[in-house]
Amino acid sequence: MTPTRTRRSLTVVAGLATAAALALAACSGGGAPATSSTGGGGGGGAGDNSGYTFAMVTHETPGDTFWDKIKAGAQQAAKNNGITLKYSNDPDPAKQATLIQNAVDSKVDGIATTLATPDALAGAVKSANDAGIPVVAFNSGIDQYQKVGAKMYFGSDETLAGTTAGKRIAAAGGKKALCVIQASGSVALEARCAGVKAGLPATENIQVNGADDPSVVSALQAKLAQDSSIDYIVTLGAPIALDALKAMDAASSKAKLVTFDLNVDAAQAIKDKKIEFSIDQQPYVQGYLAIQALYLNKKNGNDIGGGKAVLTGPSFVDSSNIDQILPFAKNNTR
Amino acid sequence: MSQTTTTPPSAPAEASNRVTLGWSNRLLARPEVGALVAAIVIFIFFLVVAPAFRSPASFFTVLYQSSTIGIVAVAVGMLMIGGEFDLSAGVIVTTAGLVNAMFCYQLGINLIVGAVLSLVFSLLIGFLNGYLVVRTGIPSFLITLGTFFVLQGANLGVTKLVTGSVSTPNINQMAGYGTLDAIFASSFKIGSVTVEITVIWWFLFVALSAFILQRTRIGNWIYAVGGNADSARAVGVPVKAVKIGLFMTVSFLGWFIGMHTLYKFDTLQAGNGIGNEFLYIIAAVVGGTLLTGGFGNAIGVAIGAFIFGMTSLCIVYAGWDPNWFRAFLGVMLLLAVMVNLYVKRLSTARKVG
């Protein structure tokens, strides 16, 4: 009695969600005021029809625009070379290791993975190597990728990126920077802030909850009120940069804003000179190169980078090159 | 604190053996008093340790932070008094904003139409939550956990499907933006102080909720349903309607904050809002609402939200090591709950006069 009822209720929920999804999906047919194309711009030619199947495994927390670009790049590379791309993700290291193992078990032709937690993933990468499946790393794990057993690495050096940003702020006359960490306990984010501090010793960190915009704004407002000597704010993600602009506005702060990564609105804000510059690690390139490199390795035995990491950043976006980059940001490829 | 520990005034009827409560006991028996004392203690504490907190501007920043939690917490508190939980309250905020933004942007429709549509959609989700709870008898914790996951997945999936990204496009150039921005996300200046409109809305909603709970028949019904649903039904309270209504109130105020977030930030990230459901419940509980239902009130919940907002920002005002932020927050909340409990103990220790 009760079980059947439960099932029926759940069916109702699922049905409603599907209906809602369909209803909303239908809307997109109407055409938006401004067209936003999915996927990559890129060459998109017919290319090779290799028939490889590659798995891409990341530590993405669902719902971050950053990963859209990595996926867009990977999909474009897959499309160009006739590759079937299987994407999976889990922010939990143990679960990410399981996902890699799943890919090994399903006998894919190659694996591209992020190594945000190299030690936790070493076992899974080893089992891929044992099965003769090439593994490349991208986005994170620059220091340990070789030790773990990945052939190549495509990504940014977070500490170097932070240091370069810190030095650039110091050169522009910055006295004290506030580095905004939007997710606690992330190695990559801490490394960026540590880098900024290396470039500009008077740098202080603050932890905010990146999943709640109003609380980010009020926390930054509070910090600006507490320490009026802050003349530069460094945010580690584009959406947080836009929150910071609100906070600076509300606190009537004269501080200048610098951000890591890009999205459409942040790119527009750079054009409007509200953001000084962005340190871009070019996620689209990371995703694209990781898949492209697996393809070349499989097809032609290539090794890209000559045994060293291939850096996709830091690339600076500021008022001098924003006009060129803005269309790409709108296209979700930059 | 010291004034609360003073002995109650001498009871007038010495000879009577009836239990009479002095005015201080009657005051202390109110759910919000413990929270109020805790709030005052924490307030004074931070005035001492955080110089940056000692300005009207800072105080209003705290009020803004509190209001974004507090508005939804008003409804969550009422729902908890009615004996139920809603774990979908955090993501429904994002859902409401997403529906509005994407529907209007993709079809080029006036935003006000989208806001109304989003309201209807949110109320439907609230209705569904309530209906499933009263119909199946499954604990609301589980039903709304289901809605929580469904909405969380649908938020991402649908957004990705419609926009090709996981955030909505910027809507600040569309028709109707000005009106809605003025209603949900504007601010005005009093002297040097910026007052966000959500603070005003928060006060209004708290007042309305307090009025409903204390002065109307519906308020009595809510307490009765939360205290003991069976006896409430026996005396003719429409238990099912009350519960469904409460779930819809939560989704209404969730929608309200969803509108605020959308019109303040112009774009929404589809993954946002997760985890906030617990902040609402925390605000209600810190404010003296019982987890088991039947006890609590609107002012208490508002003070609970204020304690949370104040603590989370004052740790920043005090300039404490940010790595320890959560630890400080935990200690302060424990402190608040303990002061609250202590005050309540005093009040329930009845004197036989």
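Using N, Cα and C of the backbone, Cβ positions are placed for all residues, glycine too.
Just so you know, TrEMBL annotations never went through curation; they're auto-generated.
Features reported for this protein in TrEMBL:
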type: TRANSMEM; residues: B:33-53; note: transmembrane segment
type: TRANSMEM; residues: B:60-81; note: transmembrane segment
type: TRANSMEM; residues: B:112-134; note: transmembrane segment
type: TRANSMEM; residues: B:140-162; note: transmembrane segment
type: TRANSMEM; residues: B:197-213; note: transmembrane segment
type: TRANSMEM; residues: B:241-262; note: transmembrane segment
type: TRANSMEM; residues: B:274-291; note: transmembrane segment
type: TRANSMEM; residues: B:298-318; note: transmembrane segment
type: TRANSMEM; residues: B:324-343; note: transmembrane segment
Distant-in-sequence neighbours of the transmembrane segment (B:112-134), which means Cβ under 8 A and at least six residues beyond its ends:
84, 86, 88, 92, 95-97, 99-101, 103-104, 140, 143-144, 147, 151, 176, 179-180, 239-240, 243-252, 254-255, 258-259
Which of B:60-81, B:140-162, B:298-318 contacts the transmembrane segment (B:241-262) most, counting Cβ pairs under 8 Å:
B:60-81
Residues of the parent chain within Cβ reach of the transmembrane segment (B:197-213), under 8 Å, 6 or more residues beyond its termini:
60, 63-64, 66-68, 70-71, 74-75, 77-78, 81, 183-188, 219, 222-223, 253, 256-257, 260, 297-299, 301-302, 305
Under 8 Å for C-beta pairs, could you tell me which stretch among B:60-81, B:140-162, B:298-318, B:324-343 has the largest tally with the transmembrane segment (B:33-53)?
B:298-318
Selection from B:60-81, B:140-162, B:324-343, the stretch that has most Cβ pairs under 8 A to the transmembrane segment (B:298-318):
B:60-81
Sort out the residues at least 6 away from either end of the transmembrane segment (B:140-162), same chain, that have Cβ-Cβ distances under 8 Å to it, and list them.
84-92, 94-95, 98, 102, 106, 125, 128-129, 132-133, 168, 247, 270-271, 274, 277
